[in-house]
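Structure first, commentary second.
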């Protein structure tokens, strides 16, 4: 099924329409590059060169500054991915298949994620971001279903709050990446999807938990601003495959090559 009618889909796309700009494929490329840069240092791939993830941009040691800069650049990725999840939920022809695809790659990516992040094949204390994105997509789907219930607005509001709480608890319990804050951040983008301005406000508030990293997370706003509502010409599977593949490569280079 689709969440939006054809008229609603077109209205949503009109919000982002521009003759030039960045397609959804372009946004994914930017987010993937940002994530890769951050993961290289977060997974200690450069430890041989004494470059580690730090929080100091002004150190006299250039390696400390480089480590911090790489970490901070990675903050750009999650808001873009979250925006694309909302975008995908609105534009996909089959919400069910979309959600199944997200959960499938969450499972596929877990061992590569554990190997890269903790150096172990199974680490049950931290799950990859695909789980966060998949849970967020499920929450959006359920909230859209609740909106169609033949109930009062008060009852629907209570059901929505209960749904949000349940998914936040699930994210916390299973230690998904960004945990409940990630769920809430994606949901805020869903709530703000009616306009560009509301989308930017959603990012400002939804990602405040990462603002302490020199506000790098907010660089995602001007990038998303140039989204043109177009799909792009890069196969969608390339981005799904990139996530577990880049994690496997990082762990292999760190543990075997270097």
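Even glycines carry a Cβ here, placed using N, Cα and C.
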Which listed span TrEMBL calls transmembrane segment, if the choices are 2-20, 154-172: 154-172
Stretch in 62-86, 98-118, 154-172, 178-193 most in contact with the transmembrane segment (237-257), if contact is a CB pair under 8 A: 98-118
The transmembrane segment (98-118) touching the transmembrane segment (178-193) per 3+ Cβ pairs under 8 Å rule: no
